[in-house]
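> Pasting in a structure now, in structure tokens, and then I'll have a few things to ask.
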């Protein structure tokens, strides 16, 4: 805060003298304009574009040469790498352009070839080969190489694609996969934290080759360096000496010469003397002795001495991101000294401890960077494989010269990437990194669920740990991550969602920034001694966690940088901010920072003025123009915390304010944006709605009828909500809605509405309210086997006696596949497939062998019949026939179906009432739904009551009202509108009972509320069983609805019965109704006998038969097999 | 308090609807036909072929409600019940299409038909109407250049209810006139199509009641309200009078030449009770409704005129009473 010179003069009233700043009209229009270029899923796409266009080339360049050991002349050099356009390989090097929808339908992978230009040695010649295929890259939809980019809505429709589909996901073997945004601590930054009471400074260095962690910790009052590669901690002074800072004075100067620091450092220096380490070599030898012993030493590594090893350790492994040239460790020593200094500061002042949950210390990893890691790993393995092939083959004498190109298998990289994305297991060998669940199948339950998934942020934090820190709402999340949208339960606070205007940076190159910094007065540290570096007048400048130099005029530096950024001379996403406690200036250009646009305020006035907005309205100004003109800039979390941001124009303080918020509702994310008046609700209710909006059915895209998903729910008559919000329009929810406006009466009716149950009007249902379509698909492939046989499909079988088609095959067409439009009932065959037996010798030629095919029909299961919507016959990537059948059900709401409003108020249908029994008002309006008023007091969803009012007024006026967060139509205006149209100001009407015909005593609050039908329907859950299948091993009833399982009388229920003393009931439930077994027991020896014959006694003299659970008998047998003999002693019972 | 006349009232208080203190409900009254006949009055206020407003005065709410309920759910009407889909290549699903067709109101007079027995496989001319809908969308052969209007590009891109064709069974053509059978409205959009889409449907309409399905209900809605009554208890002048006037529907409160408010026609009041928002005039009015004066509003769907629907409802009630009497008399 030292930065701001608050000119708090005596006449602070100057603020009052100023003309008040008028609120900009239609300022929110900047949001859609922003969303055109950034935000929502654009970060995925930007990151992936950066990867396939820039980073992949860098990776190939970093690993550009492959040599081989057997021929010193042989080499391969990669000149360039490209990712092509999506196609399908159709064998014989023929490829065909493809579309995402084709891949979805045909279970293919939407991918593009990765080609390289190479230069290599063939025989004795140097050969250049262009466009050599080395692998395939799964393509992100709507990325730069995708066929969907820059297409008009009409063209998208021709490609069977929905124009509102956000893209940003992959299609792997027909499955839509999202690489979730991963949140982690930023790399290459010092983080000072308290670990088990001791202060430590930790740096996770990450370079292309290495990922290491270096700690400076306090141990017995002394500072030591700890690293994974070292078996023991190293006194810090030794570390300095190993890095060539040999004199104690120099060490002290680097760390700092304050009294406190000197006092703290003295024991460390002493330590070094006690160890008798004075020179660099002595120090290195000491470190060398602490090296972890490597198991497998390669041949040439043996020659190296521990000193060399230690020197290499310091050069490349410890603090790997600080580059060392020619073993000049000076910069690294300064870096280490700063780490020590931070620890000392934190010891003196607990406030200096960093907060690891602070979002400035976090980086979000996106698809691009994750794929880059994966690709580099695979590429290295690919090169290693080439090398080992060359090693093996070159020494052999051959007729043709060795051509490495023939040994390039594109399958390695392609399958590696496909497998990683489809399984979500990210195994990076060189970092020893293993992560699971990185990808998820894109949920297509509703448009919102798909969009919500694209903005999801996954934390690396373990879900089982019980710490509140990482889960709680961090103030620095403001505007970056949605405060409402997080799941309940174990993922609470760990899985988050991006806010509407968040952008995640992709990295931009450091050199121009470093050069600019030098021109702006940053001096290189390599030329300065410790005393100068630690001089109080000087601020140290970091660029992406690396020391860049020191600056004597940090304010000017920051000002220059910001000016350059606003002029567009450096990337808009470079951030610069000071830290006054550490006396440093940080410049960041790395990827994964959260940032967000703000209007710049200068001298108390926002630079964006009304005419700018008017230009925007007229379409002659875009968001980029605002950036280019320096009216708006992006701030990341760190820089945001160095700024003063006013929420509204009225809040601008002319001396302090630096920025102005564009629109406050953008602090919410996509899902929370659907809630009308969320600022009137109790906050958990908005969170519940965020979870439920993803289960609401409606429309999933304009191409929903062309899709063949395993499960799809659609509403027959979806409606746009009467009370919209800006977010709804921005994300096109009004075009792809998921719900219907129900006229709701808030009153009690019949007692079937307790516990949030809803009463529905039968006539409304008859007229189509809540009607939904459920699509399921069945699929099969016709495999071809190695022994020249293949699966086949037969036409319908006929009954031998009557000649009629058997019932199970009634719906089959002549081709053996169910015909579209037919009704399918339980256990009917959809595809009459047959399979040859598995062990079959190759068919001998000439003699057609009779093969006994086995029936493997695809049958329909379900208590309610379906209709066949369509049948697709195609081929998949293995050239096998692929048959997909889409089944359809139309479902009408029934008792037990779940509905929810947009305020986290879910309820099941408790009763469906005839229209004439429903209450009606003066105008003859009969509600579609009755909701019990007890739902309100404890939930405090005031937003819902306002939605009802605004919806009712909107009906009268014939317009949509807005319930945008922190704005929207005012209750006063809405009520005035109601009054104007002759309704009660408070929205309460007189209702008559439909049963008695007399007016109800209370006035009823009624009007339209947007209700969502949730995917949980009775029909999918109903289950009962009298008898049925049993598990083979235990003979107990199977478990679960899908296996027609029994209903378990669990432990707690058992306890109840024991407590009650209902022993016979218990016996029946637990044994007779489950796995009763009549076992023979030998009275003499107490063991199980078989068939009235005791094998142990060799007699049947004393065998009696008793009833026991089969599981018990099984236990006895299992015990017996482990040499434990359970014996039963039988007694006469009565 | 105004003078108590014989009219039973409910008072619309600020927070609740309250019966008059001396009113114990009309159900308690001893039934006397004489008294009832004397009191009963029906006034038709407004009527056309689709909508009717009439007053039913001097009747118990149970009766009024019974008529309302019967009109909604038991007066029969004809609606499409079965759809045989020979071909449907449009994007609309078979079930949804059938559902939409079912909701189309038909002109056919249900009184001329019988209920179809549940176990009947074939319909007769007395209980069934058969229609067909056969539409095929195609590209317009002679479409004007550079036009992207769907009307110019395609033929039959929208299927309307007017395209439903009646197929008389045996003698039906002589009994019924074609214009008395088909859909009430010809402009109901059934489906949208594009070239290659085709509908070939056989529709069967039967007689049914609203209890079965809302499509058989002969009314869009039938409901009533009680006659409002506004009593001004003290003189209201000037601005207050204007404010008072604005609290009611137009025409309810009049201002005389001196600017004094008087009740002109309470019937038009919407009972929004917005007077209670203003403390200064809250006490000047008493809002109430006459408990035995029902203002019925019947909106016919089109098959029968609303007055007939009401009469049908009365007939059904009569028949029901008769049948229960018959049942009871069996035991005598």
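Don't overthink the numbers, they just go from 1 along the chain as shown.
For all residues, glycine too, the Cβ spot is worked out from N, Cα and C.
According to TrEMBL, the feature domain 'RNA polymerase beta subunit protrusion' maps to A:39-399. As annotated by TrEMBL, domain 'RNA polymerase Rpb2' applies to A:194-365, A:440-504, A:541-602, A:623-655, A:1045-1130. Among the features that TrEMBL reports, domain 'DNA-directed RNA polymerase subunit 2 hybrid-binding' is placed at A:671-1043.
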> Looking only at residues six or more beyond either end of the domain 'RNA polymerase Rpb2' (A:623-655), which have a C-beta under 8 A from one in the stretch?
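Answer is 3-4, 6-7, 14-15, 18, 20-24, 30, 33-34, 36-38, 358-360, 362, 476, 479-480, 503, 505, 562, 565-568, 572-573, 575-578, 586, 588, 593-601, 603-608, 612, 661-662, 664.
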> If you count Cβ pairs under 8 Å, which stretch among A:39-399, A:440-504, A:541-602 touches the domain 'DNA-directed RNA polymerase subunit 2 hybrid-binding' (A:671-1043) the most?
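Of the candidates A:39-399, A:440-504, A:541-602, A:440-504 scores highest.
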> Pull the DSSP breakdown for the domain 'RNA polymerase Rpb2' (A:541-602) and write it out as helix, strand, coil residue counts.
13 helix, 28 strand, 21 coil
> When secondary structure is assigned with DSSP, how many helix, strand and coil residues does the domain 'RNA polymerase Rpb2' (A:623-655) contain?
13 helix, 7 strand, 13 coil
> Can you tell me how the residues of the domain 'RNA polymerase Rpb2' (A:1045-1130) break down into helix, strand and coil by DSSP?
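Split by secondary structure, the domain 'RNA polymerase Rpb2' (A:1045-1130) comes out as 32 helix, 20 strand, 34 coil.
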> Count up the helix, strand and coil residues in the domain 'RNA polymerase Rpb2' (A:440-504) according to DSSP, in that order.
17 helix, 13 strand, 35 coil
